[in-house]
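Going by TrEMBL, these are the annotated features:
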- Asp299: active site, proton acceptor (ACT_SITE)
- Asn269: Mg(2+) binding site (BINDING)
- Thr297, Ile298, Asp299, Met342, Gly343, Arg344, Glu398, Tyr450, Met451, Ile452, Arg453: substrate binding site (BINDING)
- 172-474: domain 'Phosphofructokinase' (DOMAIN)
- Gly270: site 'Important for substrate specificity' (SITE)
Amino acid sequence: MEALSRAITAPKLPLHERTSNGSYFRLARRSLRPSSRRIAETGRVFACQGQNPAIEFSDPDWKSKFRKDFERRFNIPHITDIFDDAEPIPSTFSLKMRTPVSEVYAGGYPSDEEWHGYINNNDRVLLKVINYSSPTSAGAECIDPNCTWVEQWVHRAGPREKIYFKPEAVKAAIVTCGGLCPGLNDVIRHIVITLENYGVRKIVGIPFGYRGFSEKSLTEMQLSRKVVQNIHLSGGSLLGVSRGGPEVSEIVDNMEERGINMLFVLGGNGTHAGANAIHNECRKRKLRVAVVGVPKTIDNDILLMDKTFGFDTAVEEAQRAINSAYIEAHSAYHGVGIVKLMGRDSGFIAMHAALASGQVDICLIPEVPFNLHGPHGVLMHLKYLIETKGSAVVCVAEGAGQSFLERTNAKDASGNNVLGDFGVHIQQETKKYFKEIGVPVDVKYIDPTYMIRAIRANASDGILCTVLGQNAVHGAFAGYSGITVGICNTHYVYFPIPEVISHPRAVDPNSRMWHRCLTSTGQPDFV
């Protein structure tokens, strides 16, 4: 299992020149890192991932050079990159064809030239839609110090008129990795249904993540529309999940043995790193295989995308925990309710849940430093809330406050650092602080993490999962590999996997959304 973990947790690419949605330059008044200040002072940015020479803004042609570099990075790998002789065939997917595709293609593949439901390969979606006029604007993400507007286009997702796989020759496999997340079964369901619409009959599920490629006791699961018809009514994953996995070469060997030539991988940053390694190994061996990812992270920490599936459900379900904490705190004498929500590196769930509930007085996330003690600390503000309101509700992301805890070198099977439990820590510190100052408090602590992960997707996530699953299949049949599908500015797009996994997406402390959260909670800076 350690081998795949090494591929997944390979050294992070240098991204101090990149921002959370792929641009090169950021100016944020209170969140400038030293490297960002250096960029601002020198008026220089480096091309993505350190692969190209620096781009000098004094060069009158820098915009065209930037565009060319962007197009190079966001060009999505295609089967014709390796197989020059790959010939496309008319698509077997058409909504005018209401009956299942026949197994016998006597008259060639069914095609409907009159149906205008296909996506042109040259269709693009705008990555950024706000033209910031100043780097001091809230949440500004700029390419250069003058915030020059440069259009950045990415590939639109959807069915193509020509495909590069014959459905009867396809054996498709689906694997779910990492932890549980609302919506996994929804995505599995629609991958299977869409594959059958193309005419694929050999569809299997790999049990328990990448582990299912190596352990002989785990046999593949035969999938069909009949099998998956109602799985979206339950949480969890029909296929099971696990972290880590065998050597990448062992996975590809296993795929060759099974005859798998389409692989759909559902998982987060680490899982996608593994999928990209599998894609590269298949290319190295010149295998005609499509590897397509569907980003699964309840934390919403995948780069470039509006949101990932499971996030809306998590925010909605978190309201129950926050409301319970509020009732407990409000009903007690000097009550304090503390809720710990998911968010290892990113505080999106905590921020959105606090904003949605309207019951949170303090929201703590990994991206924003704070003090617990001292005149401007969290505990002093809790004292103020108890004196003025009589109660308080605190919402913390699991990755917040790690500097207050003893660090260990322990890692989980995916290679992630094992975090200390800040929720328990702030609960204990709150009790200790108020005991020392002689003020009685009644502290209630709620951790709904596993309750949230295990529930079924809500309506919003159900729709998102449906479209992601469908577009993953469309991308594979179109001949793309080493890609992931996501939603960008409300439109569905394909991204090359390396562009979305280089580092976790994080909350911008100078963003309007964080400012809205602070307005709602009324909390000070705690520094």
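Please read every residue number as a count from 1 along the shown chain.
Yeah, the Cβs are placed from backbone N, Cα and C, and that goes for glycine too.
Note that the structure is predicted; figures quoted are calculated from it, not measured.
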Comparing the Cα of Asn269 (Mg(2+) binding site) with the Cα atoms of the recorded positions Thr297, Asp299, Gly343, Glu398, Arg453, the shortest distance belongs to Thr297
Of the recorded positions Gly270, Gly343, Glu398, Arg453, the one whose Cα sits nearest to the Cα of Asp299 (active site, proton acceptor) is Gly343
Between the C-alpha atoms of Glu398 (substrate binding site) and Gly270 (site 'Important for substrate specificity'), the distance in angstrom, to the nearest integer, is 19
For Met451 (substrate binding site), the nonlocal same-chain Cβ neighbours (under 8 Å, six or more residues apart) come out as Glu317, Ala321
Students should find that the Cα atoms of Thr297 (substrate binding site) and Gly270 (site 'Important for substrate specificity') sit apart, in Å rounded to an integer, by 10
Span of Thr297, Ile298, Asp299, Met342, Gly343, Arg344, Glu398, Tyr450, Met451, Ile452, Arg453 as binders of substrate, largest Cα separation rounded to whole Å, comes out at 17
CB neighbours within 10 A of Thr297 (substrate binding site), counting all protein chains shown, number 28
By the 10 Å Cβ-neighbour count, the most surrounded of the recorded positions Asp299, Glu398 is Asp299
Residues near Gly343 (substrate binding site) by Cβ (under 8 Å) yet at least 6 apart in sequence within the same chain, in sequence order, are Asp299, Asp301, Ile349, Ala350, Ile365, Pro366, Ala397, Glu398, Gly399, Ala400
Row Arg453 (substrate binding site), column other C-beta within 10 angstroms, all chains, value 20
Rounded to a whole number of Å, the separation of the Cα atoms of Arg453 (substrate binding site) and Gly270 (site 'Important for substrate specificity') comes to 18
